[in-house]
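One structure below.
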Amino acid sequence: MEWRPALGLVLAKQLRIEVYGWICGAGMETTLKRTYKQEMYIINQSTVKLSEAQVKAADEAFNSFDKRDEGRIRVNDISGPMRKLGHNIKPDFLEKMEDYIDTDGTGYIDFEEFKMILERKMQDDEDEKELKEMFRVLDKEKKGEVDVKELRWIIKNLGDDLSEEDIDDMIADVDTDGSGWVDYDEFKKLMND
């Protein structure tokens, strides 16, 4: 199968350019299937950058878990300083990030790597806000669901040239119960796959 943008890019382009330009920022376009090298570039190019105060707070949180004052913490301990900074880390985020930051396989990260993870987490949080806003706009009836027909129309008419079969597959992947409606979790899966 050839590489193609995820549906999130299609919808983000459509909403940003055609209808709701104020909703989506550049972050939505990061919803592409990527190679390792591309993903590393995106992690390092996060649009969220820490302020001086945030760097200081991050340093204090990081050092509180650097028990031996070695300038590093265990990858498994990342959630501790992140919680101190007000960010909850889900296991899937940690697993995804571990592959990118612990490239030498030691099981440890230094402060620079920690800052990179923090920026990525903050970017993910911003992207989540944008996605929720996009869903809110599409959920015209305020039922907590979006009509599959509307998604189909958006994908078909305002996105890349996708075959009916591709569109059917995308929607079937998320509307597993065949209800004809997509709730937020299904919408999020559709946008991120």
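First residue shown is number 1, and so on along the chain.
Placed from the backbone N, Cα and C atoms, the Cβ positions cover glycine too.
Positions annotated as domain 'EF-hand' by TrEMBL: 53-88 (among others). On the 0 to 100 pLDDT scale, the domain 'EF-hand' (53-88) averages 92 in this prediction.
If you look up TrEMBL, you'll see 89-124 (among others) marked as domain 'EF-hand'.
According to DSSP, the domain 'EF-hand' (126-161) comprises 24 helix, 3 strand, 9 coil. For 126-161 (among others), the entry in TrEMBL reads domain 'EF-hand'.
Annotation source TrEMBL lists domain 'EF-hand' at 162-193 (among others).
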